[in-house]
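Here Swiss-Prot flags 15-22, 68-71, 107, 123-126 as FAD binding site, drawing on similarity to another entry.
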């Protein structure tokens, strides 16, 4: 399988992006060991929009790695998506899916990447309970409900989601070794050996 790893972490204020870089490298090493072909982009290092469109077209799967900042992605990853997805007009998506005959239906169905998948791997200082418990901060919406707009941006291109991986409590109660092992297991479960 051809997999594009996009590291959306960035250095800003007290965040240095080290843990997300670690997880990005765990994914790269694990997937290569499983026999998959990997390309990568580190958003904070810069990118060429047209090259990124080609990478997305090349990939069967995109794995996004990023920290949860103010309930979403770091701004450079959002900018990446705005710039690269827009540059991909005609290749990543044809239109918004609607027709003039029925302009209220089929919005978001103009994507061209129907055979592609994407996966989110994200880190949060929030504990898992903040996402899962009704009455807690995210009111039981779970991580995927919290990330609805990120999912919809990828689904607008026609891609389908793979199971999300989330590491919680990364500042107040970090457990890096446990998280790394859990991520390796997740990658093995989702992707398995390329030769299987």
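In case you wondered, yes, glycine gets a Cβ from its N, Cα and C as well.
Small disclaimer: the values here were computed from a predicted structure and weren't measured.
Neighbour density around each Cβ, counted as other Cβ atoms within 10 Å, peaks among the binding-site residues 18, 21 at 21. The Cβ neighbour count for residue 125 (FAD binding site), using a 10 Å radius over every protein chain in view, is 15. Sequence-distant neighbours of residue 107 (FAD binding site) (same chain, six or more apart, CB under 8 Å from its CB) are 96, 97, 98, listed in sequence order. Of all the Cβ atoms in the protein chains shown, 19 others lie within 10 Å of the Cβ of residue 69 (FAD binding site). In this structure, residue 18 (FAD binding site) is part of a helix by DSSP. The DSSP secondary structure for residue 125 (FAD binding site) is coil.
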